Amino acid sequence: LKFYHKVLNCEYGKNTIKFLRLHREGKKHFVKEVEVCTHLRLTSAQEYLEGNNSLVIPTDTIKNIVLVLAKKNGIPTLEQFAIDICKHFMTTFCQVAYVKTYVQEVPWQRLHENGVPHVHSFICVPDGIRFCEAEQCRNGPLVVFAGIKDLKLMKTTQSGFEGFYKNEHTTLPERHDRILCGELFCKWSYGECKDFDFDCIWNKICECILEAFAGPPDCGEYSPSYQKTVNSIQMLVLSKVQVIEVILNNTFYNVVDMKNLGLTNDKEVSKCSKYNLPGLFRNTQPKSIAAVLHRAELK
């Protein structure tokens, strides 16, 4: 049996490079704990097709380069660090045809005691994980993405699900007042690498996410579905960026029937049912509600 083949993609890299970068300014310390994954595609697939390793940059070397860049350049922002990694591999190794790096941050926040910020103590606060991606093909633009994942949000009212399609298999009752809860994955594109204030944009987008999810602080805003909530988040974020992807892995809370216990349960006690667990990489994350929105400029 004879056949022809074509290599569509052949890349490799180093995953889960975990380290802490400490920066000192006198007595005051700053920390960035990150996890980095960097993948390369070479100009030739000879190591794959012929077993010729002469162009292969070992994954141990990739790891050491990431650590050296962290030492020399620091991590001013996750996005800038990812850009530094991509630029290094593109400018240093002529055999690299494509590089992609993923960086995510452990959410350390400075500890405060009686309102006073501590100079060298921190607390890990699980209010979402910041991440970014940068990728570049040789002779192509360096493109940057950023986002937040594992952000757990809840509203205890102002949410429902009614008027949905029904047939003989439908058992779900309509609800006009329910708890809306989920784990959010939000990723946006900066497009080609420019001189952005990444920290400022990231903080503003996070504010948009929370505002769109919750609504005004005194009364909230009604959500007719998880899908509409995802869209509301995207529409507000699109004022800041060109493309926005949102995934909301929903968590269900069902009110416990306590009649057999002689009690009336007015939604005070609910059982939690969660079906999805997040993954490290975007393509391993199960999706409950997912949508991608692109902003088209009016001409």
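Cβ coordinates come from backbone N, Cα and C, glycine included.
Quick look at what TrEMBL lists:
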BINDING   Thr59, Asp60, Phe161, Arg178, Gln227, Asn250  urate binding site
BINDING   Asp60, Phe161, Arg178, Gln227, Asn250  5-hydroxyisourate binding site
BINDING   Asn250  O2 binding site
Among Asp60, Asn250, the one of these binding-site residues whose Cβ has the fewest neighbouring Cβ atoms within 10 Å: Asp60
5-hydroxyisourate binding residues Asp60, Phe161, Arg178, Gln227, Asn250: largest Cα-Cα distance, in Å and rounded to whole number: 51
Pairwise Cα distance maximum in Å, urate-binding residues per record: Thr59, Asp60, Phe161, Arg178, Gln227, Asn250: 51
Cβ neighbours of Gln227 (urate binding site) where a neighbour is any other Cβ within 10 Å: 14
Cβ atoms near Phe161 (urate binding site) (within 10 Å, other residues, all chains): 17
Around the Cβ of Thr59 (urate binding site), the count of other Cβ atoms that are within 10 Å: 16
For Arg178 (urate binding site), the number of other Cβ atoms found within 10 Å of its own Cβ: 20
